[in-house]
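What Swiss-Prot records for Thr17, Gly18, Ser19, Val20, Ser42, Glu43, Arg44, Ser45, Ser187, Gly188, Asn333, Thr334 is NADP(+) binding site. Per Swiss-Prot, the feature phosphate binding site maps to Arg118, Lys213; the stated evidence is sequence analysis. Residues annotated as active site, acyl-thioester intermediate in Swiss-Prot: Cys157. Positions annotated as substrate binding site by Swiss-Prot: Gln184, Glu210, Arg243. Residues annotated as active site, proton acceptor in Swiss-Prot: His250.
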Amino acid sequence: MSKGEKMKIKVGVLGATGSVGQRFVQLLADHPMFELTALAASERSAGKKYKDACYWFQDRDIPENIKDMVVIPTDPKHEEFEDVDIVFSALPSDLAKKFEPEFAKEGKLIFSNASAYRMEEDVPLVIPEVNADHLELIEIQREKRGWDGAIITNPNCSTICAVITLKPIMDKFGLEAVFIATMQAVSGAGYNGVPSMAILDNLIPFIKNEEEKMQTESLKLLGTLKDGKVELANFKISASCNRVAVIDGHTESIFVKTKEGAEPEEIKEVMDKFDPLKDLNLPTYAKPIVIREEIDRPQPRLDRNEGNGMSIVVGRIRKDPIFDVKYTALEHNTIRGAAGASVLNAEYFVKKYI
């Protein structure tokens, strides 16, 4: 290590062999702040080299410095976790409910992509560009639950896409009502989540619990932290969620009625200026909202990798006869909407609190 170089924080990944787990591996393999030293998965995978334990289906090969790492059980007392300070969780919700508290009790900071604890009143549900102050709930969580670690969550993928675009609108004009129709990529369900015969030549107008997550999480994210609790935002929100035959990239049609009234050009201006973390030099951070002027953008294949997959791409901002405005938003669902969201939360936390 060269003189003046900061020592990296050792991190681990739970659920490392799955779709989101693989994205975590990609993002952390050569990270300037974090050193990936522990990969945990099921008992079936434990003991195998990572390259043998997972069916890798990302757009780039398994990182050279990771592929021969040995997968370990999801056990916070395992020796590989001894020096790990931060753990990223890509576990399914039921397993997250069981294992994440065990890691918190061992003093680990859990940055979780799982839904298990998102709506607990003492658990921060965070998009750092939107509500970084909610991280103050960590101290309340520690006191209430009696552990030295903490669970910090990021929202559902489709929620992130919508809320990042709604935040600058709410701050300037207020929100009265929001309607969202989603067209969500199959990668959001995992590699085996949607059978090919079900999605090819088809659209599935139902994703279990997705609409409820969007509606409840949005109000918490855009709520106000007061006296140690989050007061939910006060506007009406409705979502209708669909699975479509796209590999990566959630697209959303968003309709917004504001309290003050707003024109499309005004919405475009506040979105374009929205860049609250630009001075922090966070490695994973990108400009949150990128505006496209073309009449047929954004599109998943063309726009999902904007900002290395961390930017929300917005287009077709126009007047609406029922609401005030409507627009189309696109995110890379497994990067900005999942692993990238957790990593950005961790980067922000380290920058501000460590």
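Backbone N, Cα and C atoms are what each Cβ position is placed from, and that goes for glycine too.
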Quiz prompt | Of Ser19, Ser42 (the binding-site residues), the residue whose Cβ has the fewest other Cβ atoms within 10 Å | solution = Ser42
Quiz item: Over all shown protein chains, what is the count of other CB atoms within 10 A of the CB belonging to His250 (active site, proton acceptor)?
Solution: 29
Exercise. Would you mind listing, in sequence order, the residues at least six apart from Glu210 (substrate binding site) in the same chain with a Cβ closer than 8 Å to its Cβ?
Key: Asn156, Ser158, Thr182, Gln184, Ala239, Cys241
Quiz prompt | Collapsed DSSP category at the residue listed as 'active site, acyl-thioester intermediate' | solution = helix
Quiz item: Which has the fewest other CB atoms in a 10 Å radius around its CB: Arg44, Lys213, Arg243, the listed binding-site residues?
Solution: Arg44
Quiz item: Since the record lists Thr17, Ser187, Asn333 as binding-site residues, which of them has the fewest other Cβ atoms within 10 Å of its Cβ?
Solution: Thr17
Practice problem: Return one of helix, strand or coil for Lys213 (phosphate binding site), based on DSSP. | Solution: helix
Self-check item: Neighbourhood of Arg118 (phosphate binding site), C-beta criterion under 8 angstroms, separation at least six
Solution: Leu125, Thr153, Pro155, Asn156, Lys213, Glu217, Lys220
Quiz prompt | Inter-residue Cα distance where the pair is Asn333 (NADP(+) binding site) and Cys157 (active site, acyl-thioester intermediate), in Å | solution = 6
Exercise. Would you count the other CB atoms within 10 A of the CB of the residue listed as 'active site, acyl-thioester intermediate', including those on all shown protein chains?
Key: 27
